[in-house]
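Novice: One structure, pasted below without further comment.
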Amino acid sequence: MLPVVVVHGGAGHIPKERSELSTSGVTSAVRAGYAVLRGGGSSMDAVVEAVTYLENNPAFNAGCGSVLNVKGDVEMDAFVMEGKTLGSGAVSAVRNIANPIQLARLVMDKTSHLCLTAEGAKQFARSMGVPEVPQESLITEYSRMRWRKNLAPDANPVECQMGKMGTVGAVAVDSQGNVACATSTGGILNKMEGRVGDTPCIGCGGYADNMVGAVSTTGHGEAIMKVVLAKHILYQMEQGQSVEAASDLGLACMKFRAAGLGGVITVDPQGHWAARFSSRQMAWAAAQKDTLHYGLYEGENFTQSIDVQH
Amino acid sequence: MAESSSPGMKREDPDRNSKMSAVVVVHGGAWAIPDQLAEASVDGVKAAACEGSSVLKRGGSALDAVEAAVRALEDNPAFNAGHGATLNADGEVELDAIIMDGRTLASGAVSSVKNIANPVSLARAVMEKTAHVMLTSRGANLFAESIGVVTVPPDTLLTEYEKKEWEKHKTYVTGVDEDFNTQWAHDTVGAVAVDRAGNVACATSTGGIRNKMVGRVGDSPVIGAGGYADNLSGAVSCTGHGESILKVTLARLILSHVERGKSVADSSQLSLQYMADRVRGAGGSIVVSPSGQWAATFTTDRMAWAAVDQDVLCSLPAPRGQWAIRRLLT
């Protein structure tokens, strides 16, 4: 059953013309993560690799392709966690960085803190020699168009976003049985400057614990936070629920108590995994036993043999 | 081994349990509070608990009570929140706060704000006046300006004590672990309450860890870590080693035990013990349940705390082990 890696490219209502982009994006990312695992790499290496792919892919709301805040700027959040020591790193509202997920990992590996925000995160990046990139390199025509559209006073950014682009993430278990998660996002369309969502909040945007499993979440950030969704799912698993049942219970709680829709990818240390969502669609892909699984619409689970590059 | 104070749970009075009794519990930080600060700490938490209690007695909500109590602690320079907050590596004050309403799970938080005297009130404004749960840094300050919250000059929040501590620590590099384990680390403040309607709420506020990296965000403003409130289980506010509290999402962990039927005291003790065992972190928590059970628990040397429960003011003044219970004059 091991190793296994699962990725998501956001929960929402992905229009047909973008579904091809979403599906090919997540399948490429999961192949990259799986190659790391097959090469003996750790689950942390695998999830960071997969999410880096998605950040670099302009079709997703992370890194390049991030949604814009109300001022038209890019502010990004990212999170990593490993299940052996509960080590974690996060950045919130960081600007001008191509790969926030890698910066989050540096926070975990190189500081005694768990989260750095805004200017402080940028200063740290500089001190680590992480190159600063011009904001323009992160902005796509699509994200600019969506921003302009949502400046209209009667626009509904939450609903609009549930429509189009979402946070990205990955969970994995390596051959040693270590679990890890990673989540990255540009946040909510037209958010207030400095708005921090669920992604960099441990227990909300993700969580990893070798004793239970790992989760990465996507969807309406504020609702995810109110129910501490990743932790909620893992508590259910501690009580004996399967990865699917626990994920569905978490999403139901989020829907009924916080009126929000979203999606999750969940894995346990034995390699059982689930990709579940209460939104209309979620682009996801998983790789296990040299088999690629992927889907977009509810009920989909396509499989094919994975091409592993030796 | 966690030390827990929970007189609320020892009572077995069916009449009491059927009435909705209002309770407020506050803390002023879990750390090795030195003797010379002990009196100010205890006086401070007692005064804050009385502030919160007045609100509840007037029929105010749990949310109003925790905000009032935490504001009192932020205004008190003896505590590491608002006025008197500890300084970051650049010698500046950066503040974090959270507030949460157990009735609706609504929450508001700010991280890394500057020049705001009462971050807990700004957090409440995030909750009530925006569609978001958390704002950080400059964005949080811009929001404050937009709603007319006064920006205070940086010097207002500085104290001589903190300036001296910062100077002292500048001369050598301290890791967060080491710093927390010395007797010089100040700490976070917080409050939990249940009102007569049975609604619970929590609030936590801090200047963070001394000499923290610029932009370091600890547990205090992170929902589920520094605080959590849910009418179905209870409200929690945490204090202690922030990075450890985050790793175990301490507030949410405590309530997960309450949800499974454990008492507030047992839930707190189990959770703090887990934090010690799994990530070698020390700290404290205050918890209140919707039926008025409460506990104040800590694994550090000391924790300044106080509670008002049915007109009785309870607190544990340093040094450890000595109780002080007195009936409030109404």
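Here the Cβ of each residue, glycine as well, is placed from N, Cα and C on the backbone.
Below are the features I grabbed from TrEMBL:
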- A:Thr167: active site, nucleophile (ACT_SITE)
- A:Arg195, A:Val196, A:Gly197, A:Asp198, A:Thr218, A:Gly219, A:His220, A:Gly221: substrate binding site (BINDING)
Novice: Whole-number Å only: compute the distance from the Cα of A:Thr218 (substrate binding site) to the Cα of the residue listed as 'active site, nucleophile'.
Specialist: 6
Novice: Looking at substrate and its recorded binding residues A:Arg195, A:Val196, A:Gly197, A:Asp198, A:Thr218, A:Gly219, A:His220, A:Gly221, figure out the farthest C-alpha pair and report it in angstrom, whole number.
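Specialist: So the binding residues stretch over 16 Å, Cα to Cα.
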Novice: Rounded to a whole angstrom, what is the C-alpha distance between A:His220 (substrate binding site) and A:Thr167 (active site, nucleophile)?
Specialist: 10
Novice: Between A:Gly197 (substrate binding site) and the residue listed as 'active site, nucleophile', what is the CA-CA distance rounded to a whole number of Å?
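Specialist: So the alpha carbons of A:Gly197 (substrate binding site) and the residue listed as 'active site, nucleophile' sit roughly 10 Å from each other.
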Novice: Under 8 Å Cβ-Cβ to anything in chain B: which of these recorded positions pass, A:Thr167, A:Val196, A:Thr218, A:Gly219, A:His220?
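Specialist: It is A:Val196, listed by sequence.
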Novice: Quick one: of A:Gly219, A:Gly221, which of the binding-site residues has the smallest count of other CB atoms within 10 A?
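Specialist: Checked A:Gly219, A:Gly221; of these binding-site residues, fewest Cβ neighbours within 10 Å: A:Gly219.
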Novice: Using a Cβ-Cβ cut-off under 8 angstroms and a sequence gap of six or more, which residues of the chain neighbour A:Arg195 (substrate binding site)?
Specialist: A:Asn69, A:Glu75, A:Ala93, A:Gly187, A:Ile188
Novice: Give me the long-range Cβ neighbours of A:Val196 (substrate binding site): same chain, 6+ apart, Cβ under 8 Å, in sequence order.
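Specialist: The answer is A:Asp77, A:Ser92, A:Ala93, A:Thr117, A:Gly187.
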Novice: If you measure from the Cα of the residue listed as 'active site, nucleophile', which of the binding-site residues A:Asp198, A:Gly219, A:Gly221 is the nearest?
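Specialist: If we rank A:Asp198, A:Gly219, A:Gly221 by Cα distance to the residue listed as 'active site, nucleophile', first place goes to A:Gly219.
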Novice: Would you mind checking how many other C-beta atoms are within 10 angstroms of the C-beta on A:Asp198 (substrate binding site)?
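Specialist: I count 34 other Cβ atoms within 10 Å of it.
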Novice: If H, G and I count as helix, E and B as strand, and all else as coil, what does DSSP give for A:Val196 (substrate binding site)?
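Specialist: In the DSSP reduction, A:Val196 (substrate binding site) maps to strand.
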Novice: Give the helix, strand or coil assignment DSSP yields for A:Thr218 (substrate binding site).
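Specialist: In three-state terms, A:Thr218 (substrate binding site) counts as strand.
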